[in-house]
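*Asks:* My structure is below; once you've seen it, I'll send some questions.
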Amino acid sequence: MWLGIQKLNTENFSLLKTAISEDGFVFNVYFIKLASSVINIISDVVSLFICVLIICSKYSQQLKQRTMKMLLFRKFRVLILMVFLIACSMHILIDLLPKLERRGNTGCSCSHTPSEGPQNWAKHRARSGVESGWPNKHTLRILQDFSNEPNSNISSHSPEKIPKAGDKTEAFIRPEHYAQNGDQNRRFIPDTVLNKNVPVKGSRLRALFDHPLFKRALPSLTDEDTLFNVNTDIRFDTKGATENQEWHAEQNVEEYSPTGGELTVDSYPNWLRFHIGINRYELYSRHNPVIDALLRDLVSQRITSVAMKSGGTQLKLIMTFQNYGQALFKPMKQTREQETPPDFFYFSDFERHNAEIAAFHLDRILDFRRVPPVAGRLLNMTKEIKDVTRDKKLWRTFFISPANNICFYGECSYYCSTEHALCGKPDQIEGSLAAFLPDLALAKRKTWRNPWRRSYNKRKKAEWEVDPDYCEEVKQTPPYDSGTRLLDIMDMTIFDFLMGNMDRHHYETFEKFGNESFIIHLDNGRGFGKHSHDEVSILVPLSQCCRVKKSTHLRLQLLAKEEYQLSGLMSESLLRDKLTPILIQPHLKAMDRRLHHTLNVLADCIEKEGYSNVVEDDLAGEREWGHTSPRGR
């Protein structure tokens, strides 16, 4: 019985703590496990009670009649049998539940309509189920799953799903010291574009952006290719747009009016101009001056309101500025020199503010431009958080430490306690501010499950970790069977490997553009945790699929050249941030090492499959976006 109580207090409590998922599946498991544990306890109590009665019956003077003892034993024997049968049934139901989940779900992550797409796919699957190469039902559920619950759209960043547990990969973990082997000397694929080296004089970053690879023109944009269609005849009124949203602080603040009179598009706040510039191909253009102006706003705009972000495993704050823009604040939790402890699982690692900042700069250097603008800022915890917040739960967590520093810890799943409080010096704290994407009421986004999502379990492995042919199933599953989505996943894989980010469980796209659009690289706080270790399992999607865009491949080769060098470009770019230095030198050198390893993986693929089967030519002509299809092998 004590074992049953202990099981109830441990397993179910931890499951309750992690009961945030794409749907109610985890909650169902919780209640079933709770009922099972209660039944186990009841069965133990009944068994003990019957044993006591049977023992007492042998020595009791009142139960000498044989019929009475047999009747008593028979009744309780049936009761014991029924209790144990119910307990076994509950355990069997728990084992079968993962296979039964979402069997009735009609959602589809492909470009078909929700009502007909899955049915047609199911009929086709039934007809050709015996054909080799088709993915099984379990794989299809994993690949086509995306989150549609209201909580996934609370803020501009998708909420992090609180995992139950996790597992470090064993099949692919091989700590390698690339400086000690000869892989770095392997030849890369020559290309005429790379032979036109730009002589680097002064700024490497300026020379990089002047390179022909960074001057490709986009196809002409139509109304269907832009996120918003601006009507210049309508006057933009910031006060009227927010008067019902309670964004103002309780105290009186002066009205934001940058120009006075009617506002034109060019005089809109920088955060709004950033939103207007989003299109089918990019979050922002390469040389858009609005982005640098927005980065300055994130550092200088006065904060008028602060609230905790709902969902997520760690504390994050939503900050509203005087010009009605909003940003997500991640406070500093570790110093620049600290590495992730070796015994930490990837899902329990700290979220680092400097990783968010560095990820934005790396994304821009790789010419992806899929990370919203992020800047570092030093805040006064009293004046810019405590005094302006209307969140009582947040306000109550402020206290003064024994060292007379202002501290707070907020509310979240991990690291929100007095022992893990965020303390200023004495009231100054640094953090990252990521600009919000457009409000979901104006521009809906779809959340997709990453096909190479980790198991988030301490003991179990994901399917891709044990199946070397997993990519073949992915390539036959919408939306990865056509368009550029699979190639975009490869871009995201390379991006994560350069940072050392293992926590890529979901990604998002804008609903307006359907499946023919880029994917947004959100939530990069768990990158740059270890500079002394290269987690090569992050590159498994690339090594399994052996597919990459030609533009990405050429840019990687360019960044590996001495006259550019990724670490030097990152160092120069990060100098622009107010919190510089953002990364210490070992992290910068680790990126160079990982870049060479990525090119080696691609070289192996090309040697095995052939250049034309690995490198997808996205540079030839002004082709329509999304009309290419992954080549089967």
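Each residue, glycine too, has its Cβ placed from N, Cα and C.
When I checked TrEMBL for this same protein, it listed these features:
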type	residues	note
ACT_SITE	ASP503	active site
BINDING	GLN314, LYS330, GLU351, ALA434, ALA435, PHE436, LEU437, GLU508, ASP523	ATP binding site
BINDING	GLU351, ASP523	Mn(2+) binding site
DOMAIN	398-615	domain 'FAM20 C-terminal'
TRANSMEM	30-55	transmembrane segment
TRANSMEM	76-94	transmembrane segment
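How buried are the listed features, and what sits near them?
*Replies:* Taking all protein chains in view, 22 other C-beta atoms sit within 10 angstroms of the C-beta of ASP503 (active site).
For ASP523 (ATP binding site), other Cβ atoms within 10 Å of its Cβ number 27.
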*Asks:* So for GLU351 (ATP binding site), how many other CB atoms are inside 10 Å of its CB?
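*Replies:* So the number of other Cβ atoms within 10 Å of GLU351 (ATP binding site) is 26.
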*Asks:* Between LEU437 (ATP binding site) and ASP503 (active site), how many Å separate their Cα atoms?
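*Replies:* Counting only the Cα atoms, the answer is 21 Å.
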*Asks:* Cα of GLU351 (ATP binding site) to Cα of ASP503 (active site): how many Å, rounded?
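*Replies:* Each residue's Cα considered, GLU351 (ATP binding site) and ASP503 (active site) end up 10 Å apart.
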*Asks:* If you average per-residue pLDDT over the domain 'FAM20 C-terminal' (398-615), what number do you get?
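*Replies:* Its mean pLDDT is 94.
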*Asks:* Of GLN314, ALA435, ASP523, which binding-site residues are close to ASP503 (active site), meaning a Cα within 10 Å of its Cα?
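*Replies:* Of GLN314, ALA435, ASP523, within range: ASP523.
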